[in-house]
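For reference, the structure discussed in these notes is given below.
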Amino acid sequence: MTTHPAQILFSDSPAPKMLSPVDHYAGNERFIGKAIAKQIELNGAFDIALDLEDGASVGQESAQARLMGEVLASSDNVFNRLGVRIHDASHEHWRADVEIVLKTAKRAPAYWMIPKVGDLSQTRDIVTQIKIAHHNADIALPPLHILIETHAALHDVYHIAALPEVESLSFGLMDFISAHHGTIPAQAMSSPKQFEHPIVAYCKLAISRACAAHGKVASHNVTTDYATANAAFNDARRARDEFGYSRMWSIHPNQIDEILRAFAPEEDMVDFAAGLLGQAAAANWGPISYAGKLHDRASFRYFWLIIQRAHALGQKMPSNVAQWF
């Protein structure tokens, strides 16, 4: 009989998807090169999104898409963790983004990031068009990441998260606030107001709850203040601890380490989880008393995910749980 936690604790439903805590955006060749060098240095600890939406000058969309395809096809793509953000569906070049990248790279990105989707129906249409492009190129479809930044998308967020092709939802803070036409103060585009304004907090929670319900990854918006030390760390920690996010966008190399550090489980939590899971395994995963409290499979699942996240980030594993990896 198996005693591996992943099989015992998630026998009724699949374990939630786990991605790197960092989705780093780069749009020009120099910044992409620096990001890839750091990705290699950190042994693939973070993802990179090659940015076609904000990275291409007007009239240069095709050239930018070819560049991204060349980057995907290069030997620098060591970990196959380079995604691509395409233009939104209102842009005339968005389908060509997908087609040119696939034709140039002859492989899929790690994920497609799709911005500014509307309601569920439009999102399904976009997914279908991307699937057609992959079929025509004879390249398997990668996971799709959806950027929630419109009223229509937020209204349908639970159903968008349920789409089987979707792996992750991100929150587009600034576009969403802009869509309120001045009724949300500009201070809510940054901290601390972005976590305190009721409408913005509601949006963040709606996205993370939809992801939790469907086993998808909730990815938090950027920290625009890249000059202040620990600004990204503090935002990432609040996103994790107060809003249920496990991933966050980065727009500057200085933010990568801060976000990784913020999402890493604390050492004492890892030690506690290891001790509890060791005792649970010895009890064949039945209810136990540990550190003066009762625990059952609900808490076992929680602490197993802590151990998984720590392992994925390269943290040292206590010896009694290292056997499971």
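Keep in mind that glycine also has a Cβ here, set from the backbone N, Cα and C atoms.
Note that the structure is predicted; figures quoted are calculated from it, not measured.
Noted in TrEMBL for the protein shown:
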- 35-248: domain 'HpcH/HpaI aldolase/citrate lyase' (DOMAIN)
- Arg85, Glu149: substrate binding site (BINDING)
- Glu149, Asp175: Mg(2+) binding site (BINDING)
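Taking the features listed in TrEMBL, we show where each one sits on the structure.
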residue: Arg85; record: substrate binding site; DSSP (3 states): strand
residue: Glu149; record: substrate binding site; DSSP (3 states): coil
residue: Asp175; record: Mg(2+) binding site; DSSP (3 states): helix
Can you check which residue among the binding-site residues Glu149, Asp175 has the largest number of Cβ atoms within 10 Å of its own?
Glu149
Could you measure between Asp175 (Mg(2+) binding site) and Glu149 (substrate binding site) for me? Cα positions, answer in whole angstrom.
6
Among all protein chains shown, how many Cβ atoms are found within 10 Å of the Cβ of Arg85 (substrate binding site), not counting that one?
26
For the domain 'HpcH/HpaI aldolase/citrate lyase' (35-248), what's the model's average pLDDT?
97
